[in-house]
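Undergrad: Structure incoming, see below.
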Amino acid sequence: MNPYILATLLFGLGLGTTITFASSHWLLAWMGLEMNTLAIIPLMAQHHHPRAIEATTKYFLTQAAAAATLLFASVTNAWLTGQWEIQQIAHPLPSTMITLALALKIGLAPLHAWLPEVLQGLDLTTGLILSTWQKLAPFALILQIPPSSSTLLIILGLTSTLIGGWGGLNHTQLRKILAYSSIAHLGWMVLVLQFSPSITLLTLLTYLVMTFSTFLLFKLNKATNINTLAMSWSKAPTLTALTPLILLSLGGLPPLTGFMPKWLILQELTKQGLAPTATLAALSALLSLYFYLRLSYAMSLTISPNNLMGMAPWRFPSTQLTYPLAASTAMTVCLLPLTPGISALLTP
């Protein structure tokens, strides 16, 4: 892709998210989301491959449906209450519709079916943008709107954690596994949203760091399925040794960074008297942990010749910058001891 066009599209992505962040009016927020969608579509379709075009079309249709629902809900809210302020939705009907539209935008279950299919059709770099940056603008709106009903958010959160765990069990394609991982993490964020928005924000930040390091790791190894991953020990042995730590941090095992948000969320849910919800969420984390352990086993506990049928990759040196991967890996593995300080910052 022409570097000028690429720069323009990336600028459009940044501008769309910034407009949504800064807006207090529903029309402006909707405009920012639309700019975001239109800027990423050429990036998704840049490889002229049928799978990429199919993924782009699916993404465009789902995002257009979500944006239309959002616009309809905000117009309904203006009709019922006479104002366009984001933080002042008094009526439960537009509030519920907006929550569901934003859930479709980020891929919360049961509105998640598009996400694994779209991510599977993209290259790892665009997939990284879709899994991280594209979640920010809708999440900013979800954090601002007063929840219409606590039951809706808890149902969305629990369904997402369970489907995110179940869905990834039977897959060998890494991008689909990461899509289900994304759904499960978003479910954890939504579960605690109404009780402690600051913990939701912390969970989002840790999810962004962990997903960033995982995508960069797969990109460095040029891996898109488990078989390719099993051959990576010959290319980057040190990184292969660190990979289980990154994956288990995504799964939420102590003493890694990923344990921190899960710990705080379970604590908050128990404080609110939702012990059954917390128990279900903790059990669903075991499902996710299983497929992270599968990846860890395939990558670092099998050596060639092994029972995984995979072609030996060309051992060209990678041209990818390793500083972002090194920094994000360190953060993914080592931030848990800072939990008391972070908790002190989060408490109002």
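Keep in mind that glycine also has a Cβ here, set from the backbone N, Cα and C atoms.
Curation does not apply to TrEMBL; its annotations are automatic.
Owing to the predicted nature of the structure, the values given are computational and were not obtained by experimental measurement.
Here TrEMBL flags 23-286 as domain 'NADH:quinone oxidoreductase/Mrp antiporter transmembrane'. According to TrEMBL, the domain 'NADH dehydrogenase subunit 2 C-terminal' annotation covers 289-342. Annotated transmembrane segment per TrEMBL: 60-80, 92-116, 136-165, 177-195, 201-218, 239-261, 273-293, in sequence order.
Show me how these features fit into the structure around them.
TA: Same-chain residues lying 6+ beyond the ends of the transmembrane segment (60-80) with a Cβ under 8 Å from its Cβ atoms: 26-27, 30, 33-34, 37, 41, 89-91, 93-95, 97-98, 100-102, 104-105, 114, 118.
Long-range contacts of the transmembrane segment (136-165) within the same chain, counting only residues at least 6 positions beyond its ends with a Cβ under 8 Å from a Cβ of the stretch, are 16-17, 20-21, 29, 32-33, 36, 86-87, 89, 92, 95-96, 98-99, 102-103, 105-106, 108-110, 112, 180-194, 197, 200-201, 204, 274, 277, 280-281, 284-288, 290.
Sequence-distant neighbours of the transmembrane segment (239-261) (same chain, 6+ residues past either end, Cβ-Cβ under 8 Å): 181, 188, 199, 202-203, 206-207, 209-211, 213-214, 217, 220-221, 232-233, 285, 288-289, 292-293, 295-296, 299-300, 325, 329, 331-337, 339, 342.
Sequence-remote contacts of a segment are chain residues at least 6 beyond its ends whose Cβ falls under 8 Å from one of its Cβ atoms, and for the transmembrane segment (273-293) they are 154, 157-158, 161-162, 164-166, 168-169, 171, 177, 180-181, 184, 187-188, 191, 247-248, 250-253, 262, 265-266.
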